[in-house]
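Here's the structure, in structure tokens; my notes come after.
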Amino acid sequence: MPIRREHFQFSLVLAGGMTICWLVFSYCASVSLTQVNRQVVLNHRLQRKQAKLMEPVRTDVLTVTPWLAPIVWEGTFDPQVIDEAFMSQNLTIATTVFAVGRYTRFLRDFLESAEKHFMVGLDVHYYVFTDLPGDVPNNVTLGVGRLLSIVRVPKFDRWQEISLRRMELIQTAIKDHIHRGANYIFCLDVDMRFHGRVGPEALGRLVAAIHPWFYMYPRSQFPYERRTVSTAYIPMDQGDFYYQANIFGGALEDVHRLTKTCREHLEVDKSVGVEAVWQEESHLNWYLLRNKPTKLLSPEYVWDDAKGQDAKEIKLVRFSSVIKNKAEVRENL
């Protein structure tokens, strides 16, 4: 009899503990959803439609990472469902773009194509970092809720210096003024053009894009920084994907942390006379290896026009690097 009583008491305590744990978990989960994902609210019609999308729709490509972050491809999301979830939340997307030296020539096409395809229906504030404010086109028609601000930067001695300083300048801009008027931020290259929708399906806490030249390669062939002398060093047996610095973004706090860390590492390298093989992109890859992105953009979102469009897995090119004579636009090689 005493043994049964003890078993009963133990079971009662265990059940009570499990109940408390469940309540705590439910509360924390509700707080998390309220604070982080409160904007994802669908009406009943779209909830039924979304349920039909729960089955895999792409079997020819990887659509989720080993750490369960989604990889966004054409066919893996319903634009109507995504727009319903985000459009009513009064979101502002800060967008940084560097147009320095001869790269100002790409700015008009970048902006005009962005106005057709980038975060359409959401407020966007472009921050153009340039040493030539007079070359920023002032007659590009921006939609309602779309703004453009010029951030003056010095002229750099080498084109590599632009890459090396970009993390510092973005971090400073977020801290000084961007944080007051935006929910998310995307950092984009100017020698790019939008061809298709890049919408709120790309939003997440920390977002990175898979490089179009290396997404089919084994990690041993990724062009990581392999010298141990650099803070961007990644050993041969490590690596998830190779990310391109042409587009990355996320929540302001997360991108601020990324740019601050990369800036600090770049400064450490500079103090010992080291420059990573791909400047800030090498440091970006180091950071994202240790701080996993919460969402990945497929090569559709960072294509290279030089690759052509023969890749059968690429159903829609959304954002791509334009073909150019790099020796002609890059000053002080």
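Even glycines carry a Cβ here, placed using N, Cα and C.
Unlike curated records, TrEMBL annotations are generated automatically.
Here TrEMBL flags 12-33 as transmembrane segment.
Summarising the annotation, TrEMBL assigns UDP-N-acetyl-alpha-D-galactosamine binding site to Phe98, Ala99, Val100, Tyr103, Asp189, Val190, Asp191. Counted within 10 Å of its Cβ, the other Cβ atoms near Asp189 (UDP-N-acetyl-alpha-D-galactosamine binding site) come to 20, all protein chains included.
Among the features that TrEMBL reports, Mn(2+) binding site is placed at Asp189, Asp191. With a 10 A radius on its CB, Asp191 (UDP-N-acetyl-alpha-D-galactosamine binding site) counts 20 other CB atoms from all the protein chains.
According to TrEMBL, the feature active site, nucleophile maps to Glu281. Within 10 Å of the C-beta of Glu281 (active site, nucleophile) there are 24 other C-beta atoms, taking all protein chains into account.
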Sequence-distant neighbours of Val100 (UDP-N-acetyl-alpha-D-galactosamine binding site) in its chain (C-beta under 8 A, six or more apart):
Phe129, Thr130, Asp131, Leu132, Val153, Lys155, Phe156, Ile162
Out of Ala99, Val190, which has the highest number of nearby Cβ atoms, where nearby means within 10 Å of its Cβ, if these are the binding-site residues?
Ala99
The record lists Phe98, Ala99, Val100, Tyr103, Asp189, Val190, Asp191 as binding UDP-N-acetyl-alpha-D-galactosamine. What's the largest Cα to Cα distance among them, in Å, rounded to a whole number?
11
Cβ-Cβ distance under 8 Å to Tyr103 (UDP-N-acetyl-alpha-D-galactosamine binding site), same chain, at least six residues away:
Val190, Asp191, Val329
Excluding Phe98, Ala99, Val100, Tyr103, Asp189, Val190, Asp191 themselves, which residues in that chain have a Cβ inside 8 Å of the centre of the Cβ atoms defining the UDP-N-acetyl-alpha-D-galactosamine site?
Val97, Thr104, Phe106, Leu107, Ile162
